[in-house]
Amino acid sequence: MQRSPLEKASVISKLFFSWTRPILRKGYRQRLELSDIYQIPSTDSADNLSEKLEREWDRELASKKNPKLINALRRCFFWKFMFYGILLYLGEVTKAVQPLLLGRIIASYDPDNKVERSIAIYLGIGLCLLFVVRTLLLHPAIFGLHHIGMQMRIAMFSLIYKKTLKLSSRVLDKISIGQLISLLSNNLNKFDEGLALAHFVWIVPLQVTLLMGLLWELLQASAFCGLAFLIIVAFYQAGLGRMMMKYRDKRGGKINERLVITSEMIENIQSVKAYCWEEAMEKMIENLRQTELKLTRKAAYVRYCNSSAFFFSGFFVVFLSVLPYALMKGIILRKIFTTISFCIVLRMAVTRQFPWAVQTWYDSLGAINKIQDFLQKQEYKTLEYNLTTTEVVMENATAYWEEGFGGLFEKAKQNNNNRKISNGDNSLFFSNFSLLGTPVLKDINFKIERGQLLAVAGSTGAGKTSLLMMIMGELEPSAGKIKHSGRISFCSQFSWIMPGTIKENIIFGVSYDEYRYRSVIKACQLEEDISKFTEKDNIVLGEGGITLSGGQRARISLARAVYKDADLYLLDSPFGYLDVLTEKEIFESCVCKLMANKTRILVTSKMEHLKKADKILILHEGSTYFYGTFSELQNLRPDFSSKLMGYDSFDQFSAERRNSILTETLRRFSLEGDGAVSWNETRKQSFKQTGEFGEKRKNSILNSMNSARKFSIVQKTTLQMNGIEANSEEPLERRLSLVPDSELGETILPRSNVINTGPTLQGRRRQSVLNLMTGSSGNQGQGIHRKAAASTRKMSLAPSTNFTEMDIYSRRLSQDSGLEISEEINEEDLKECFFDDVENIPAVTTWNTYLRYITIHKSLIFVLIWCLIIFLAEVAVSLVFLLLFEKSPRQDTGNVTKSSNNSSYGVIITNTSSYYIIYIYVGVADTLLALGLLRGLPLVHTLITASKILHHKMLHSVLQAPMSTLNTLKAGGILNRFSKDIAILDDLLPLTIFDFIQLILIVIGAVIVVSVLEPYIFLATVPVIIAFVMLRAYFLHTSQQLKQLESEGRSPIFTHLVTSLKGLWTLRAFGRQPYFETLFHKALNLHTANWFLYLSTLRWFQMRIEMIFVIFFIAVTFISILTTGDGEGRVGIILTLAMNIMNTLQWAVNSSIDVDSLMRSVSRVFKFIDMPTEEIKPSKPVKPSKEGPLSKVMIIENEHVKKDDIWPSGGQMTVKDLTAKYIESGNAILENISFSISPGQRVGLLGRTGSGKSTLLSAFLRLLNTEGEIQIDGVSWDSITLQQWRKAFGVIPQKVFIFSGTFRKNLDPYEQWNDQEIWKVADEVGLRSVIEQFPGKLDFVLVDGGYVLSHGHKQLMCLARSVLSKAKILLLDEPSAHLDPITYQIIRRTIKQAFADCTVILCEHRIEAMLECQRFLVIEENKVRQYDSIQKLLSEKSLFRQAISNSDRLKLFPHRNSSKHKSRSKIAALKEETEEEVQETRL
């Protein structure tokens, strides 16, 4: 960044903002980069401002029982705030003085008052000087207030962030992500530009008092008629505002329904294409859009009437003020024109400035109170440690995550009793709700010496993670004591990657030691992964390390924990995402060897780990089930240990399944020991539905950090179901639009209307910060740990408000170590962290965009022509009247003037009455122009219709775009087009265009009238208009680029907050809060640099506009004074209209800039509409299907299938030289893949994580850029359409897709099948019992990714879709990744039965599933290494041979059948596993 010219600028340069000229010149000539932006002044740095406010807030906290944040702000900013307020008041006072001078000028032209004619020129100079003074006062004052507002926002931003890092975990569990983002976005944004309006709350009453005093002198009591009318207009506008809010509230729900489906479609676009659901999704979204647009139109009409009210009130306020006085006493023109000028100022003050000021104070004080409450919340308390302690001791430790649960339990129980469930089962309730008031940990005791390994195991939700949190001090014990040195290192269960290099993530601010670093890299098996990157360990990782696989992220997190030199290492299930071989190697080399002399506590469920641990602690339901050595476990609990070791290959199971088995075993033995509750009662599954369909689930922050901790405390009830606290009065649409640009995009979306109160929702809590920290969003498809293939899409849900697509950090802050923080920003590194495409659209909206927008809807052209015709007609009529009255005979001046002055006439008569009538007509014409009912409503209506067409075209384009194009985009960027940009097209653009057209036509009309009255003025008008157009074009190039850079700079602030929250436990464990506060301040300073420069250039432009007009007004004043003879009416009309033109023309120019800015949304939409389509025309003609385009049967005109017209008939696949890429210009992910599959054969895909197994399945569906050929039953994929090709496959994807809709819609979106057929399939896959327990059965509405269903049930839904599709080839991509044994057996059985004659291609990590395959395709380094039977693979040295255990190997040879039978009997022992485990095993 460059040093700012402001530092060396002179007073004159600062006053006129001339120091911004270099950036304006550069922005006009070329595209601005971040390197062109000026550094911020030191007074605006986040460090200084936050320190200043923090000091005052601490003083406030120390001195008072009820501290007030506004007092701290007052002490920091009050005097500057008042100084600029006084300048603003003086500038506004000049507006009240100007009409007095205007009146004197008009009076000097009275034929009977020739004495004053000589001073008219001096009065004109005085009037012009007032304009100059006003310009010099108002602009610095407005800029100064904007600047103070910016400083207040920065200081409070920093204060909130620092407080967030200090909050206790209990508090974080009660705060939603939406609330935090709301504090930092909607609430604080009110200070930036709103502060300039705040002073009008006292300026307007003083101004109105002054104006009414001056009007009283002119019109006496009748002046109050005009004021009364303006007050009525203000109340009328307030009523319209309330009506508009009512429509917006209704519409907000409809918009959110549409955005839910749209976001689900975007996030799961690969599944939508795989299922061929493009038409169904398009129809579903368009239907919702239609309903939404009905309410949009109503709201737009109300807003139109509100906008028109301001325009037409101008004429009536003058009319009502003047008419009573004129009828009673008569009136002269001087009073009329003076009154008109006063009323213009009065109208703006009463109907605009004062309501805006009141709203600003209301919003600002509300925001300050919210921030004040937040800043007083309970903080995290650091435990007192003894640094000389070498042992870790816990004595009788008991802890609760949440307090006051007893009352909540009673209330929820009462609610349940009062609510009747439709199936009549009133006992359906939380089966584990009795645990609600129980501690998460109870009477825990253990002691480990230095260098020992304690293995912690236990059932799901037993409190394993909570135990580590209590040791770290995150969870405060309510009883007992903990003793250790306090030098802790921590590895979270869900890996957290901060933006930066791999090296920075591992070192994490600790001093760099080359030998230690290399040892850790080697022990964590990262050497091979790092060697694959061109920049090795200096590669910059973006958003959450999304370009890495889950295993790579897990190993980097582990390496970070191991690299730190600590006394105690807390490892929370660090191996969950590693394959069996890698896990074994890391455990041996890292945990057992490298850390041999360190004290370690490892959360694990592996028998191998338990055997090697010095001590074992097994937890169950928060209590100690066993503590001792492994040999003691075998002696004291022989039944338990033998049960676990009785499972074949227990350690080979996935971590989820091991936890499931462990949970079931512990519960079985604890129940047998206690004999308390019957097992069947415990496994009852249930749910309940809220009374109000719109009630939504609580989305608190602690959940986001730790939904995966799966506490035995259960889902909250309807008391806390919203994204904001239950008692929040914030409007619905406001809370639903505040979302971070992160992977946890669900806060943008409305929550479900269904609350599951049974075990199926165990572990799925609100979207809280605690959930965020453990990386579980709770919504399938939005989890953090994505596989390598999926991660390349870089898709995460983004905000709909104020978010552009930029990754968290504006730069890599340290090149070598996280210890040092550079002061200079490296722009190259900044570009690397830009995760989304920077908008590649021109700085100024092109004429082509305007032309496309106008022609998108034919009626729009006719409406614009109609507007022009009406305007020309109005101007023509006004000119005719003007010419007629110009030629009308004049009356005798003497008697009439005397009579007028003596007020003997009760009517409006003067010698220049013709001019007065002309002005009355001009006022009426302007009013008609402003009211514009004949053109305004059709214009607004047509522009909304254009928005409808654009949305339809964009939706169709996105659904038909190839994945290679979508892979280059970010889901947040796509969703922003459908949310933010469509909202602009619906709401802002129509009214802004209407205002712009209104203002331009008013200015043109006024200029024509003035020019006709005084032709010389037209000569002055032409250069002024040219100057305006040139100045606008000059400024627009730079301002739009600065605004874009400012928008891009805003996203890192919010993303940094979310990133910090995800890793909050890690930050605290490593003591890196100051480092991350510095990073946050850097992100704030980057945004401030852009915003401050934008504010400065905007003020430069506004000031130049006013200066040009002041010159124009000086010219008009002297032309009219010097060229007008005896005609006070002509001078009055010219000067009054000229003064009116000034404000209107400035407004019009600003509106034109707003239109250009909003049209960028249209440009972005057109960019999406112009995306390529993926449809590939078949090389051979295709005969249409007999049953229509949605038929389950494809009839292909092909020589291979003429005898049997049903295709595919057998499922034979031949793959020849298949090469696949994610994007056309990218590297090949798969190269020259060739093999063939016989009909009905089962083929397993083998290979390491990231080898391309999932990619191959995507290539079969033509979801990637592919070369080569695939044939199914002799039909080449080039000879048929994409839809026909994809319908040949049944798909069970790794990422389960359940969209918001009924069960029926989810199973059969095209409505091809009747209920009988759907129920038959539901029976086959074991879904009937699940569906029947919901009210409405097939018509029950699933929302929020089907969160009421377990992951296993969702997989069964996918299976049912495949059965209904009648596909002959089934593709399964790790279908059992998160399944419990019961659901897994159902899926295996169904596949065997329903797809007995089908070809099955399976990508799976479970050994027992792979054993059923006849052949295996081994993929290594993007190529096929082997394609053989499993027996042949085992006879050779291969990766598969190393991974498979001896017991599994036995199943493949002569005794295979009996072995299989034995295996089944063991799995059958789990038949009593409850649905709770099914839910708990999912991520």
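Each residue, glycine too, has its Cβ placed from N, Cα and C.
Residue-level annotations in Swiss-Prot identify, among Asn48, Asn680, Asn802, Asn911, Asn911 as N-linked glycosylation site. Both Glu60 and Lys294 belong to one identically named topological domain in Swiss-Prot, hence to the same side of the membrane. Swiss-Prot marks one residue of Asn901, Asn1457 as N-linked glycosylation site, namely Asn901. Asn902 is the residue among Asn386, Asn902 that Swiss-Prot describes as N-linked glycosylation site.
Proximity of distant same-chain residues to the transmembrane segment (223-243), defined by a Cβ-Cβ separation under 8 Å and at least 6 residues beyond the stretch ends, is recorded for 208, 212, 215-216, 302-303, 305-306, 309-310, 313, 316-318, 320-321, 324-325, 339, 343, 346-347, 350-351, 354-355. Sequence-distant residue pairs (6 or more apart) of the transmembrane segment (1016-1036) and the transmembrane segment (1133-1153) include at least 3 whose Cβ atoms are under 8 Å, placing the two stretches in contact.
Residues 84-85, 88-89, 92-93, 95-96, 99-100, 142, 145-146, 149, 223-224, 226-227, 321, 339, 342, 345-346, 349-350, 353-354, 356-358, 360-361, 364 of the same chain lie 6 or more positions beyond the ends of the transmembrane segment (196-216) yet place their CB under 8 Å from a CB of it. Contact check: the transmembrane segment (993-1013) against the transmembrane segment (299-319) gives at least three Cβ pairs closer than 8 Å, residues 6 or more apart, which meets the contact criterion. Sorting each residue of the topological domain 'Cytoplasmic' (942-992) by its DSSP state yields 45 helix, 0 strand, 6 coil. Residue counts for the topological domain 'Cytoplasmic' (147-195) under DSSP, split into helix (H, G, I), strand (E, B) and coil, are 43 helix, 2 strand, 4 coil. Counted with DSSP, the topological domain 'Cytoplasmic' (1-77) comes out as 55 helix, 2 strand, 20 coil.
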